[in-house]
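K.L.:
According to TrEMBL, the protein carries these features:
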- 28-38: compositional bias 'Basic and acidic residues' (COMPBIAS)
- 52-64: compositional bias 'Basic and acidic residues' (COMPBIAS)
- 67-107: domain 'Iron-binding zinc finger CDGSH type' (DOMAIN)
- 113-150: domain 'Iron-binding zinc finger CDGSH type' (DOMAIN)
- 28-64: region 'Disordered' (REGION)
Amino acid sequence: MAMSSRVVGSRACLRPAFSYFTQTRNISSDDFKTDQPQKKKGRSHPETPQFTKEHSGEPLKGKIHDKKPFRMELQANKNYSWCVCGTSKSQPLCDGSHKQLWGVSEKKTGPKWMPLRFQVDETKEYWLCNCKQTSKQPFCDGTHKQPHIQAAIK
């Protein structure tokens, strides 16, 4: 039997610990049921894809900005940020316009856009994609010649 002690005056009194708890109760599984519906669990992990192709190996393809590429001289070993979303006013480079696409609400409404950061090995003129549908981002691969891209921008 467990014993507890307390000091009364200069003497210690010993009494059984269970004497403080005189009520007993039988517990059943019904005691744990609630009338409130269970909350639905959302995504199991914050990085679980919520939208199609959000975390796939395939890069996101943004809004078609133009139906022809942009020729630009790029400096070797300099950092560049290529616009992926297609809404930048300083195409083909990013100006931060993708931040408005994300919205101000807490609920995620679409895939998160971020610029593609890159460097080149040598200083020369490069053709940067403006249709945003290239498979060799940020460089043009001729995808803009397809009929659906030509029809998208008049």
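Heads up, residue numbers simply count up from 1 along the chain you see.
Here the Cβ of each residue, glycine as well, is placed from N, Cα and C on the backbone.
Note that TrEMBL annotation is computational and uncurated.
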K.L.:
What parts of the chain pack near the domain 'Iron-binding zinc finger CDGSH type' (113-150), using Cβ distances under 8 Å and only residues at least 6 beyond its ends?
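P.N.:
Cβ under 8 Å, 6 or more out: 59-86, 91-94, 98, 101-102.
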K.L.:
In the domain 'Iron-binding zinc finger CDGSH type' (67-107), how many residues does DSSP call helix, how many strand, and how many coil?
P.N.:
5 helix, 10 strand, 26 coil
K.L.:
Write out how many residues of the domain 'Iron-binding zinc finger CDGSH type' (113-150) are helix, how many strand and how many coil, based on DSSP.
P.N.:
7 helix, 10 strand, 21 coil
